[in-house]
Structures are given as structure tokens and as C-alpha cells.
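Annotated transmembrane segment per TrEMBL: B:12-30, B:96-124, B:136-160, B:166-187, B:236-258, B:278-297, in sequence order. Annotation source TrEMBL lists domain 'ABC transmembrane type-1' at B:100-301.
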Amino acid sequence: MTRPARLLAVALAPLLALTACSAAQPATPTSSAATTPVAGGNYVHALEAEPGGCLDGAQQRFHVALNIVRQATDSLVDLDPETGKIVPWLATAWEISPDAKTFTFTLRDDVTFSNGEKFDATAVKANFDRISALGAKAVGAGPVLAGYTGTTVVDPTTVKVDFAQPNIQFLQGLTAAWLGFISPTDTQKTADQICSGDYSGTGPFVIDSYTKNDSAKLSKRTGYAWPSATAQHTGEAYLDSVTFTFLSESGVRVGALQSGQVNSVSLVQPQDEAVLTGSGFSTLVASPPGLVQTWIANQSSALGGDEAVRKAISLALDREALTTLYGSGFAPATGLLSPNTPYFTDLSAYITHDPTAAAATLEEAGWTLGSDGIRVKDGVRLSLNVINVFPEQAELLQQQLKTVGIDYQIRKLDNAASSQAIAQGDYDFYVWNMTRADPDVLRGIFSSVGGAQAYSRAQPSAADAPLAAQAGETDSAKRQALVDEASIELAKSYVAIPQLTRAWVYGLGKDVHGFAVDGEAKILLYDTWIG
Amino acid sequence: MIRFLFRRAAQGAFVLWAAFTASFVLLFLLPSDPVLTMLGADGQGANVDPVEVAALRTEYGFDQPVWLQYLSRLGAALRGDFGHSMSTGAPVTTEIAAALPATGLLALIAVCLAVVIAAGIAIAATSTSHGWLRRFLLALPPLGVAIPTFWLALVLLQIFSFRLGLLPAFGAEGWTSLVLPAITLALPVSASMAQVFASSLDATWGSPFVQTARAKGARRPRLLTRHVLRNAISPALTVAGVTLGAVLAGSVVTESVYGRPGLGRLAEQAVAAQDIPVVQGIVVLAAAIFVIANLGVDVLQARIDPRLLSGGAR
């Protein structure tokens, strides 16, 4: 749908321009002066997709669904997007055993679920046990609870969670919406029932209804008094109700925002950003933490396993030029993790644009130019089989790599075909990103140990040891050193080629205040007010 | 009449079976694995434990031989059970029942609107004595057919919702949310109907019995209502039956642009996620609607023109 959408944007440009002009005329500095929050109002936010038919955080890692779940459920701890520090939420304090296998939490005593049940140690245990029992269906929360052996209720406000192996990423993983708590009664419901949004959380809003392909309607939780330490206020949310609607056409989202039919929208496209800001609307540019857009080499494939090829790709990429495809917030990557991710390592030294050096590297490795401008070695054409989840880059990447004699084959794959190709290892490189505010995301993708190396099909390397060690390191300075060591190993062998840091641009109505995102760049409407 | 109906019903049953079988074959010929697709529903691929994947495969019956899966699905489908959606786990019949009313209402309004527009254009064009007006009106249908639904939807939104603020841009609440989607669906459909109806009217006006009636002194309005329409409507009715398919297909784009729930969006997502049970349910439902609509058209035509029943030439 992106192609027709783009064509249409061109076709509609004059109309849009007209709209922009007329909207700009009043030029009133309306409510920007208003600073005292006003309670009340029915808020509408347009998300860019249907949340995949499921509002169970544990079963989701799709950010659209998690954006809704985040409003209705709270987490044990929160991640401060400003400082990258873990801060209290439903847990007031926590303790990690030196081997990083046992986590003990002290819980708030005044928290209830919207169905009246009390949030206590038993509720925590019921939730973790449920997610563990979900197995593979828990695509979001499952990996955070990897190696979970059980939860012990010490007393109503103290709970102990045990793992079979060191699992330091658990603490950060707890901050995300996929580990938001639902009432103990709800944990007994089937996975499908919970998908339908039929559960009670402790969050500032309550899910009233979810109609697939139409909307999710939430209302304010009366008596809410336990926001995260990152919140700007205490007590109940300001908004009376929130409706999430699902508009997959970017032009429709922006039109709906400009004509006042929605208060805010997700995923503003580059061509619409200027239109919005030029007509008095504001935008919020959020940088999702985690793995940046990265070329992940399939180390078990012939070309992905060839270090000269990998190095040449990295040198041939003109990352600055790639940013022109996108709007605000996109920039050439400076590391494998985006700079706002805790334990970020600067890898700029390995991320340079030098086509001459790229050609020389290939020449040296025996890849010689063929008559069609594509290099050949031992009868094999340097033709890359890439699965790129960012199809908009394909033509530009093809041009950039062609200049050094690499052929980039454009593959158009839908979700089903892409999943299948990955499962079969039918790719040399996988270009992807993963939102996760913890460096353990690297271990999941690049370690050759354990079962989680599907994307890189990693061979044993010098990165394995530090990747394993950081997962159990409770001292943050030591953990930083281990993450640095692993990142440099991955970067200098080019098994991971960082490309761009990315951003999500939200469009906000003129009277919207306090619209924020959490540590994983999910929407937070708790502090939001209209006025 | 009974034999005629029986024959048509048997044909309809065959069409339904063929639709079920064809959709099954197509979906199973796809190289991708529905279980992996389900686990990576956000398009980020699958990175899961093979043992758990195998367990899920058993749960959904994908470990059985294909022919056995086909027979058990066909058997269940005959009892009205299309299994459970792989993305949401809800019964397919529930999913479809939830989506059907929204699309049904929209399609009904769109078809009625299309018939009115088509009849208006065709009758006006063939009745007018102004050559320029006739040419103008007859130029509209080809234009209507050529307009992409997607483009039409966005232009309508831009004008009537974003600029004039008369109608909502999305949602499914209240009659106002139906106006733009109904027009979007109706215009292309009305165009093909108008084309067929206009040429059929032209042919009928020129036929000998009309000249006879005219010679007997019948005036134009009476000629139109008593003689011409009755004879000219048959081809247009056939087209109307077929257009239901076009309306269902158009609902995929229309519902997506206007953010409306319905069968079109359900179908789009089910295909993308390779949700086999849901796709099959929708395909069979669409075939059933098609069969019933055409049966209805046949019966109606037989009422209007009894010669059809005797199998004689028209």
C-alpha cells in the first residue's frame, strides 16, 4: 500500500497545499500559553495499524498493540527515558542477587486492579506463571522470562523471582508494556479471551471495548494513585476517555488531525511533517531504543559468512543519503544500539562511507569485476540475497552497492513469506531493527550459544563470552565494559553492520499537552490533557 | 420452475465446493509456514523454540497429511464449522459474523445507490433529445470505471471531510460515516451497470415492437415504463448480480482507507497473515453470496421474461 500511497501523495499535493494554506491563515498562537492542566475530555488517537487482533501484552511485541496495552496496565518498574535509569512503579524497591538469578521486589500496598482485586505478591506470581505457561505464544514477554523457574510469595508485599541462569535484562524487560499486570482472576482466562481485551489492569485507563479493525475504547480509572516515578503528576489521569482508532493511510491520519477529528496520530510521514508544522501543529520525535537498523549477516550463508563482503557492504553504504528517505530523527548509526539505549557503545570508527576502500577490499579478497559490473569469484556472482524489512530503501541500496560491484537483489516478501525465508535460512543478510532498551538484545541475535541465534545463525566467536557475561553482570560499570567488548567484536568482523538510527514521529493537535512516550517509545497518555 | 431452481441450486453447491477446494489448494501451495507466520505476526520473523512450534503445529492439525487436513476441514465446513482463526483464536464464524453486518450494510447501500445512479444516467441518456447531453452522459460510465477506488476515496475524504468538515473521515458510528464509503463503492459499480443498461435501452427503443407500439399512439413515458424498461432490464440485472462481487472486492480498499471494520479488512489481514481458516471462511461466504445473488437474479429474470424458463431463445 505504500506505493499507491506515495503516488497519491503526489496526486493530492495541490489539495494538501490548499488545506495547509487555509489552515495557516488564522495563525493564532492559541493555547501554547496554557500551562495549567485541565481535567476532562474525550481523546482520540489514530494508530497506523490494527493491533493484530490481540490486546494481550504478553502475546505481543507489535508496538501498535503495546501502545494501547500501556495505558491500561502498569509495570513493576519503569525506565526513565531521560536518564536510562530504572525507577520505581508498582515495586518500590528491588534487589538482585550477585549471580543475577534471583530478583526480590518490594511492592506498593495500595494498588488495586480495576475489577477491585488487590495487587500483591500473589498477583505477581500469577502473572509470571501465566506468561511462562503461554510458551511460544508469549512472543513479547517470553524472552524476558527466559529460564524462569518460579516465583515465591515471601509475604503480601515481597516477591522473589528465580531463573535457572543469570538474567540481568529481566529488570529492564519488566518496564515494557508486555509485562503489564492483569488481575489474578484474569490470569485464569484463555489466551484468546485476554487477546480480546477482556481483562482488568491496574493502569490509569480501563479497556472498555476493543472492536477489531475499528477502535479500542478506554476510560479513566477512578481512584488511580500509583503512577510511575517518571510521571509529571499524581492521582487520576486528566482525560475522561481515550479512543484509539486504526487508520492505515498516512494521508487520512494527517487529514483527520488537521480537520480536528483526532487529537494525535502515529507515524507521520516525511512529506506530511512540514505540512503539519507549517500549519501550527506540533510533532513529537521519539527515538526507539535498541538495535538500530542493522544488516545482520547470516553467518551460515556463503556471502554472509564472507568477511570481505561484509566489510565492503559497510564501506559502500552511504548512510547520509539513506536518511533522505525519512523524516526527522533518522541519522547514520553510530553504534549497534541507538544512543539512547542504556549501555550504548560508540562504534563510529567502524561505520564509515568509503566506496574506494570497499572496492579495494573486494579486489584483495579475489572478487573481480565481471563484464556486467558485478564482481565474480570462483564463478560465483556477488549477488546478495537480502531480506530487508524496510522496502523503501531497496532502490537506493541497489544503486549504492552497484557502485562497488555488488548486486543487491530486491525481494518483495509479505509477512508470511519473510517468516518462512528466515526459518529456512534463505538469505545472506537480514536488515532489521528491534526496540528494546537493554543491550541484551545483542545476545539474543548475535550469540552462537543457546537457541536464539535464528537471525544471524552465528558461528562461535570472540563476542560470545562477553555477550554471555554481560547477561549476569550486576555491576553497571563492568557490564558496560562487557557490552563494549562484545559490540566491538561484532562491529570489527562486520557480522553486524549498523545502518540508521530511526525515529517515530507523532503528530499532535494544537490543544494537546503532556503527550509523552515511555522508555521504549510507547505512547503515554497519563499526563496528557486538552486545553 | 422447480426443476429450474433445483438445477441452479446444484450448480451453486458445486461452485461452493470448488471455491472451498481452490482456496485450500492455493493456501497450501504457498511456501510459507502458517505457524511461523502466526508467531511473527508483526513481520519481524520468527525466533522461537522449534519444540513449541511443533506443539502448535499439532494443535492446529498441520502435522497431518494434507489430504486428511482437507477432508477434515471439508467435513467440518459442511457442518458450518470453519475452525478457529490462527491470529486471534476466535471461531471463524464468530470473526465473520462480527465483520459481516458492517460490510453488508455498506454493500447494500452502495448497490442501491449504484442502481439509482446507473438507471438515472442510462434513462436520461437514452431519453434526451439533446445530442450533447447524451454524449456527455454516456461518457461518464467509462470515466467511472477508470477511476481507482483508492484515489476516489482519498479525493472524497479531502473535499468532504478534511476541507468542508461535513462528514467523518473514519469510524463506523452513525449514518454519516456510511456516506463517503458508500459513494466510493457505488461509483465504479454504477458505471458498468449504466453502460450495459444504456446500450440495452438503445437496442430496445429500436426494436420493432416499440415502433409498433409507437405507431399505435403510445407516448414516450408510457412506452418507457410499460414496454421498454421491462425488456431492457434483463442484461442490467445480470450485471447487477456480478457487481456484488465487485462491491465485496472494493470493500477491501474502501474499508482500509476509511478505517472501517468489515469483511474486506478481515480478508486483507487474513491473507497477509496466512490465516487459512479465516481466508477459507471468507472465500466460501463470498462464493455463497455470489451464488445466491445470481440465483435471485435468475428467478427475477424468469418472472420478468417467462421465455427463459422454457429454454427458448430470447
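Placed from the backbone N, Cα and C atoms, the Cβ positions cover glycine too.
Predicted, not measured: the structure shown is a model, and the values here were computed from it.
Taking every recorded stretch in B:12-30, B:166-187, B:278-297 and counting its Cβ pairs under 8 Å to the transmembrane segment (B:136-160), the highest total belongs to B:166-187. Long-range contacts of the transmembrane segment (B:236-258) within the same chain, counting only residues at least 6 positions beyond its ends with a Cβ under 8 Å from a Cβ of the stretch, are 102-103, 106-107, 110-111, 114-115, 118, 122, 149-150, 153-154, 157, 169-170, 177, 180-181, 184-185, 188-189, 192-193, 196-197, 200, 264-265, 267-268, 286, 289-290, 293-294, 296-297, 300-301, 304. Remote same-chain partners of the transmembrane segment (B:166-187), defined as residues 6 or more beyond its termini with a Cβ less than 8 Å from a stretch Cβ, comprise 102, 105-107, 109-111, 113-114, 117, 144, 147, 149, 152-153, 156-157, 160, 247, 250-251, 254-255, 257-261. Tertiary neighbourhood of the transmembrane segment (B:278-297): same-chain residues 5, 8-9, 11-12, 15-16, 18-20, 22-24, 27, 73, 77, 82, 85-87, 92-93, 95-96, 100, 237-238, 240-242, 244-245, 248, 263, 266-267, 270-271, selected by CB-CB distance under 8 Å and a gap of 6+ residues from either end.
Listed by sequence, the residues of this chain that lie at least six past the ends of the transmembrane segment (B:96-124) yet keep a Cβ under 8 A from its Cβ atoms are 82, 133, 137, 140-141, 172, 178, 181-183, 185-187, 189-191, 193-194, 197-198, 201, 224, 236, 240, 243-244, 247-248, 250-251, 254-255, 260-266, 278, 281-282, 285.
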